[in-house]
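Student: Heads up, here are the entries from TrEMBL:
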TRANSMEM  30-54  transmembrane segment
DOMAIN    45-297  domain 'G-protein coupled receptors family 1 profile'
TRANSMEM  66-90  transmembrane segment
TRANSMEM  102-124  transmembrane segment
TRANSMEM  144-166  transmembrane segment
TRANSMEM  200-226  transmembrane segment
TRANSMEM  246-265  transmembrane segment
Amino acid sequence: LIMIILNQTDVTPASFILNGIPGLEDMHMWISFPFCSMYAVAMVGNCGLLYLIYYEDSLHRSMYYFLAMLSLTDLVMCSSTIPKALSIFWCHLKEIRFEECLVQMFFIHTFTGMESGVLMLMALDRYVAICYPLRYSTILTNPVIAKVGLATFLRAVFLIIPLIFLTKRLPYCKGNIIHHTYCDQLSVAKLSCGNIKANVIYGLVAAFLIGGFDILCITVSYTMILRAVVSLSSADARQKAFSTCTAHICAIVFSYSPAFFCFFFNRFGSHTIPPSCHIIVANIYLLLPPTMNPIVYGVKTKQIRDCVIRIFSGSKKIKSYST
């Protein structure tokens, strides 16, 4: 009877051991180099974008405010995982306290949800800019941008908090070794000897409420954009309209492609795909968008290119651009 009571009360480990990438332990040092390089590019690129948007008056528009939200989200998202992953690869510092694991889990899932939400807001921004160009500045005012940005953040927070509590309540008696580089919700829950059905179901519900809703809005927005662009009589006008969406479409591809892989692997492919492949893609999912977004927007957006050239050349001339 005493043993049963002890087993029921002492079910929360003081810490977990993040084991990195299983099967590739001998290659951790080599894997760390592309991770570190991408993280450095992500930090420099997104901090540079934030500085540029703050510094340049010509970038004080809704499109770039949403881009600033995306950059902030990307910085938090990759910083929640990559420093710990590098400490595992370089210094073998694999231990993470239970509370720290839950905090990391909260930041990862909240800001991946925020990333999806900001991409949806950017699609709506392009829809208004192309379909209602004369009303663009009156529809997307600064207060409206602040409110929808806050609503997107709060949506992610309130949907993820229950998932954290569901994970915290579980009894953990299958060891404390997590075969991952960070505290993914399902990877942690699988160490429990309790019933994790509520975690799985709620995780699916949260994914559909965030990702499903955002993908639906993005699809509807681009359907309306396509109809509006096709109806334009001038080929130059059509090309210009399409070009304003190119960077955003690239950001969607970089974000959702690895997300879909991770989602379907966790539910359907765990017995056919090596765990090491899943963990590498899971890290790429959190690292690729922060790395590529500032590069794509810097290359594809003329206003940002001109601002960068103007800063490095020392020119103080400020041009005015149309939406």
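The backbone N, Cα and C atoms fix where each Cβ goes, glycine too.
So where do these features actually land, and what's packed around them?
Tutor: Listed by sequence, the residues of this chain that lie at least six past the ends of the transmembrane segment (30-54) yet keep a Cβ under 8 A from its Cβ atoms are 21, 24, 60, 64-65, 67-68, 71-72, 74-75, 78-79, 82-83, 85-86, 89-90, 280, 283, 287-288, 290-291, 293-295, 297-298, 304, 307-308, 311.
Mean predicted confidence for the domain 'G-protein coupled receptors family 1 profile' (45-297): the pLDDT average there is 89.
Cβ atoms under 8 Å from those of the transmembrane segment (66-90) belong to residues 18, 20, 28-29, 31-32, 35-36, 39, 42-43, 46-47, 49-50, 53-54, 96, 104, 107-108, 111-112, 114-115, 118-119, 121-122, 125, 145, 149, 181-182, 251, 283, 286-287, 289-291, 293-294, 297 of the same chain, restricted to positions at least 6 beyond its ends.
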Student: Determine which residues of the chain contact the transmembrane segment (246-265) at the Cβ level, with the cut-off under 8 Å and only residues 6 or more beyond its ends counted.
Tutor: 70, 112, 115-116, 119, 122-123, 126, 207, 211, 215, 218, 273, 278, 281-282, 284-285, 288-289, 292-293, 296-297, 300-301
